[in-house]
């Protein structure tokens, strides 16, 4: 929305200058962007540095510092001390999360243990028969029992609901006599007791039998003169229980008139105290009245409930102790393993950031050869990524090695066809290589990916500029500026097209707009220098070329144009020195060699000029201007046949229209004395 003032007031209110920037590192990063977009470079650098201090892994902040040209060495930014700090912060955060998790478990675990202990066979007996889902770890418990126990208070009296009426129990088979589910599951189909089939309508309710049994017991005690004639309840239980607890066969009687006895077989290898107790609890005496039998059954189950509860509590206690020891050991091992992996991961990440950061910092300082050496140190999986390949292509572009730049840009585009970053530079590479068809195809691809991206319209503009259709190219570059006014390169390309149309006023305007976006955009300083050089404002030209040279001190093109400005100011010695630096910086660049020869001709050092042109012919054998200058030198040396030959070769190479007339005039006047030659001739 481009509401920079409102965003700044939100992050840093005017009325509260000492207030802390919200959101930590992210807030400082956003405030740095605002300062950068509004031209406050020093304040922006301070905010980016603060953001990187708070969060060393905030790569975007370091990237912005590199763009501003004030980033420190990546080896000093992503150090081992930073790795140790990150590891400590991560460990403290992990310990805090674990402590919170343990506290939550301590609150929940007593409730869960109480729920498991409170469940007894009597409670399970009262549940519906169809709810038979087992509880993991306790096969004799059911999920329904747990659900009921958690939702209802653990009061035994609340489970004793009144017996259903006759109409409610019609058609329902009564439950079996014994309720021990665990023992009943171990029975086989052949040995299972036969269940009596009694009509539920004729069967009296269960409450009636219990009341009759209590009444008979009380009556017997009142009218029996001897209190010992009626055995106590504990004596009856001990008498009815078999003496041998390891017996595998127990007899029982069924309810009703047609009792059928059977045998309950239990595997002796899997028997336990709990299982034996359950088997003994289901035995009844033959010939016992039904009312007394049901009454005794209720009493026996109360005893079994207590034993079952004690067994569950003991089992849970032993399991919890064993599991606690194992958990502590496993926790210690996992903690050591996680700490080791985390430390290794942080070191590897910071090592990768050191390599990428140092390479990107050197690229932004236009130390491209050193940056390429750093990028080559990356592992192959990291090197063969779209971002790294694009940065390598930009480095070769700054080195004026367009063939290598084309190779790496093509790899990056093939690997990540939807990435638009750097594609404007790639289109300029194809422009310099005169790859019209490939440039047109690239522009169509970028438009199909995102027609609202400035990179796509820059590629379209370069395509028309290659066809010398400068007006159409200018419209496309202006479209790119309209889509994103913060792309400095789009402003610069507009300035180049206006300069080609000799509209220097608008050209200067767009170059200055580019510098407002990015003060370190040396292409704009170079464009201004070229405009002033053509307007013969040599002092202005020298100033702007020098500013561009200070930003990019490795560019042989900038050195060459600065030398041309110095030569125009009659500072030939300084100009020759600058040309020597340009030639040394890039021996494949023909422009500084040609300009050096021109300066030597002005100093009347003809033989040195011829030697330089001979070296130039090895690099660029098809330059018409080179042969034209050689013809002029041979004429000055009075070697007329070679002069005519060189002028003829220059004409055969189809020079530009502006040079064509000058070369023809010099060729026609080759036999005239120097006094009759005009100053404008060559």
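Backbone N, Cα and C atoms are what each Cβ position is placed from, and that goes for glycine too.
Those TrEMBL annotations? Automatic predictions, nothing curated.
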Stated TrEMBL location of region 'Disordered', expressed as one of 220-269, 270-319, 320-369:
220-269
Choose the correct range: of 186-207, 384-405, 406-427, which one does TrEMBL annotate as region 'Disordered'? Give that range.
186-207
What else in the chain is close to the repeat 'TPR' (522-555), if you only count residues 6 or more beyond its ends and a Cβ gap under 8 Å?
69, 366-369, 398-400, 488-489, 491-492, 495-496, 499, 504, 507-508, 511-512, 514-515, 561-562, 564-566, 568-569, 585
What same-chain residues lie close to the repeat 'TPR' (624-657): Cβ under 8 Å, and 6 or more beyond its ends?
590, 594, 597-598, 601, 606, 609-610, 613, 616-617, 663-664, 666-667, 670-671, 674, 682
